[in-house]
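TrEMBL annotations:
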DOMAIN    B:75-125  domain 'NADH-Ubiquinone oxidoreductase (complex I) chain 5 N-terminal'
TRANSMEM  B:92-112  transmembrane segment
TRANSMEM  B:124-140  transmembrane segment
DOMAIN    B:143-427  domain 'NADH:quinone oxidoreductase/Mrp antiporter transmembrane'
TRANSMEM  B:146-166  transmembrane segment
TRANSMEM  B:187-205  transmembrane segment
TRANSMEM  B:254-272  transmembrane segment
TRANSMEM  B:312-333  transmembrane segment
TRANSMEM  B:339-360  transmembrane segment
TRANSMEM  B:381-399  transmembrane segment
TRANSMEM  B:419-443  transmembrane segment
TRANSMEM  B:464-487  transmembrane segment
TRANSMEM  B:507-531  transmembrane segment
TRANSMEM  B:613-633  transmembrane segment
Amino acid sequence: MNDVVIGTGEAVVFWILGPLALAGALGMVLSRNAVHSALWLINTMLALGVFYVVQEAPFLGAVQIIVYTGAIMILFLFVLMLVGRDTSDSVVETLRGQRVAAILLGIGFAGLVGAGIARATRDLPVAGLDAVQGGDTSNIEAIAQLLFTRYLLAFEVTSALLITAAVGAMVLAHIEREPGTRRTQKELSRARFLTDRPQTLPGPGVHARANSVAAPALLPDGRPAEDSFATGIDPQEVDQMPRPTGRAQLGSPDAALGTLDPAPLDGGRQP
Amino acid sequence: MDTVAADGLLAWSWLLIALPLAGAAVLLLGGRRTDRWGHLLGTGTVVTAFVLGLLCTLQLADAGGRPVSVELWTFIETGSLDVPVGLLFDPLSAVFVLLITGVGALIHIYSIGYMAHDPRRRRFFAYLNLFVAAMLLLVLGDNFVVLYVGWEGVGLASYLLIAFWHERPAAATAAKKAFIMNRVGDVGLALAIFLMFAQLGTVTYDGVFGSVGALAGGTVTAIGLLLLLGACGKSGQFPLQAWLPDAMEGPTPVSALIHAATMVTAGVYLIARSAPIYDETPTARAVVLAVGAITLLIGAIVGCAQDDIKKVLAYSTVSQIGYMFLAVGLGPAGYVAGLAHLLTHGFFKAGLFLGAGSVMHAMNDAVDMRRFGGLASRMRITFVTFGLGYLALIGFPFLSGFYTKDAIIEAAFDRGDGWGYVLGGVAILAAGLTAFYMTRLMLMTFFGRPRWDEGVHPHESPSVMTAPMVLLALGSVLAGYLLVVAFPLEEWLVPVFGRPEAAEHVVAPLVVSALVTVVMLLGVASAWMFVGRREVPVTAPARVSPVVLAARRALYADTVNESLFMRPGQWLTRALVFLDNRGVDGAVNGLAAALGGSSSRLGRTQTGFVRSYALGMLGGAVVVAGALLAVTAG
Amino acid sequence: MTLTHYLVLAAILFTIGAVGVLVRRNAIVVFMCIELMLNSVNLTLVTFARAGGTLDGQVMAFFVMVVAAAEVVVGLAIIMSIYRTRRSASVDDANLLKY
């Protein structure tokens, strides 16, 4: 009793967005960079949102796009930026046989479930949702009626779950610091004036021939200024840009000092 | 046995046990604080107990010797087994109480001098008091369980006292040997008590003796034989005689009190007390006879070849207790004779041991008679008292041994059958041997040329030691006459054993006495021939006849015990240990190791990699999906 | 074109997500794969709601989304705190719980 006939338009949408969703899923699994994975996943989720709308669930489609794609995936990207964005997965599989077994089992699972579903739903009657929505009752109204009647308890429990999750996340992400250990700006500046060098440290790249943060400042004799090194970054050798010829004709201060070679940097260029 | 409830002083007879027990408790718990006066307290309690025992006995005599029972409390109360703790003060108990407390008091006094220089004298007196308490409990208890408690108590005290000088390996070993061999006998006694309870449902003397006649003959015989096993263990009778000579490693007063006068006669007491049981079983009684006769000969033969003065006396004790077993094995005719010999033996053997202790005291604790000699002039009191004990032991006419030993031999002949002649002959032969080895002892110790070690200066012992010896010597001389003629023990014990019918004498008593005396004189004479006439070699001659060699080795009793029980026991133990280590433990440990190994190998699959686990889950999901599909499609 | 197509597509997406969980080591990517699996289930729920003619499936999908949101928040917080102590977001590095 195929009440509802699936129209050609829907078929067209499916055959366009279905492969796109698949491509997004595969891309997520296969891309080495986690940010790319997230973008691929967003692609799939958008496609699924459209599917929801097509399948008479406009509310869920909107939620999918706004909440899932908009909020949750942004949260993913946010955490990715905090955690190891630049560490791409190595291609080498450490667990022996894991990849092969996973792919074989995946193909087997997909085959079995797909075949089972195809077999079970070949003649699935499509009742359609016209009886419960459409006309006077919109999709949102119908869902709201269900949520606040039959599923009221589950809905309330869900709110408790969300509160708990929010508190839990705060607790987990919070860094406990002993009260009083944090130094105020006043204390910091007072401490700096007690040192030998009250003025600010030289910025990286200043007096150098590059403005990269990885390039140390150069002293007048060409040596790098040690205290201009950025913490956490290995100092890179300054590219030896050709000096302006005009300057060479004028006679460089380097030449006056008796050397043209830049002083070698500690460690040299990183391989 | 109809008893009457105790009244008057007899109601306080439990003090007999409580006094020495309290003495032992005070001395053991009081520690060093009691060191200065501990020996006086220990002696005082026993002397008081003796006075109390004497008064109780007089009251008993006034009442015509009717047995008196003293109910104390109920020890064990169960559905079918009630064990009351009560005392039975009857003529038999009374003579034992007097012997234990009397001889015990004298030996306590003697020990004050003998142990004067021992740093642990207080503990010695505590153990002696403990022994006296346990021994009195043994003879006063009115049921077999109380008797058993006392029986184990004297065993414990004996163990503690043999090992009193436990720093000497020989003493420690001897104590262990005595303890283990006593356990063998105690198992027999315990089994006998179990059997009584199982068959009769009671363990009181009244209950058992009243209903033993209703039992099947085999059961009664079994009870009798098991009781005999217990008696043999405690009294050093064949085949459990080997521990008693070794027990001489203990201090000499212990040898005198425990291993001569009192504890080792507990077996005789047990058999005499159980007379109603043996009345029902001629088989067990015959075995008692056989044990007595065999032990009597073994003790006498081995005694002839020993050079250790205390060992000679110990084998003499074994032999004399053999006489007593022989007597009580003869049945009603012999009980009184056996008990009379027990009492006189208690006097003269205690006196002999104290004399030996006095000699050892003089000779720097030497025991080898080959190094004595010529002591008669140096130690007059010891010589005289020891000599009187000697004469009493060998049965010199009209001294105590003469009366009581003759009575036993007469009773043996009075059996009337062939066995009676055999037993009487054995007893007479042993009397001759006794005369031989005792004369040998006397000659080697007190006569001849001095053969002392360098630096030994014999001297008489202090009066605190000689006074008890004198009293015991008096007892040795007079006890036989008193017990047999003046105040017949036979009359006194009528309430216990009944009045025996006047025996028809197969051989006239006069003839027996004459025969015994002649044989005794022959023994003395042959001892003079072999020992007295010649110089005694300081070291034992190596070339001797096989008989002498066997006697020196105590007729190979230790060898037999070791090869029959010790070695197989050790093999069995080793086999069991091996089986336990390799078999039982091996199976258990092997199972544990197998489980442990396989589980640790299984544990390797728990790699901690969450992706491996997820792979397993996906595999499971595939299987479930496949199964579902197979079911629905099929 | 029937609803079966949606269901098969959901099954394939679910499988891809599962395989992704198995082969990726970055914990955040693993999380994304789990989200993909949840989404494929949602698609199934919506499809069956349409076939059955009631809205219960859609309500269920809604609850799945809510729970997924909560799960993502807590999960990411856990990943961050692990990263803070171990300087690593690899699921293979957290393997202390083993034999």
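Cβ from N, Cα, C; glycine included.
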Worksheet item: Quick one: do the transmembrane segment (B:146-166) and the transmembrane segment (B:254-272) have at least 3 Cβ pairs under 8 Å, skipping pairs fewer than 6 apart in sequence?
Response: yes
Worksheet entry | Contact check, the transmembrane segment (B:254-272) vs the transmembrane segment (B:339-360), 3+ Cβ pairs under 8 Å, seq sep 6+ | yes
Discussion item. Considering every residue in the domain 'NADH-Ubiquinone oxidoreductase (complex I) chain 5 N-terminal' (B:75-125), what is the mean pLDDT value?
Written reply: 87
Discussion item. Can the transmembrane segment (B:507-531) be said to touch the transmembrane segment (B:339-360) if we require at least 3 CB pairs below 8 Å and skip pairs under 6 apart in sequence?
Written reply: no
Discussion item. How about long-range neighbours of the transmembrane segment (B:187-205): same chain, 6 or more residues beyond its ends, C-beta under 8 Å?
Written reply: 1, 80-84, 86, 88, 142-145, 148, 151, 211-212, 215, 219, 222-223, 225-233, 270, 273
Worksheet item: What stretch of B:339-360, B:381-399, B:419-443, B:464-487, B:613-633 shows the most Cβ pairs under 8 Å to the transmembrane segment (B:312-333)?
Response: B:339-360
Worksheet item: Where, among B:339-360, B:381-399, B:464-487, do we find the most CB pairs under 8 A to the transmembrane segment (B:419-443)?
Response: B:381-399
Worksheet item: What is the number of residues in the domain 'NADH-Ubiquinone oxidoreductase (complex I) chain 5 N-terminal' (B:75-125) that are helix, strand and coil, as DSSP sees it?
Response: 29 helix, 11 strand, 11 coil
Worksheet item: Where else in the chain does the transmembrane segment (B:464-487) make close Cβ contacts, counting only residues six or more beyond its ends and a cut-off under 8 Å?
Response: 103, 106-107, 109-110, 112-114, 340, 343-344, 347-348, 350-351, 354-355, 357-358, 361, 381-382, 384-386, 388-389, 391-392, 398-404, 407
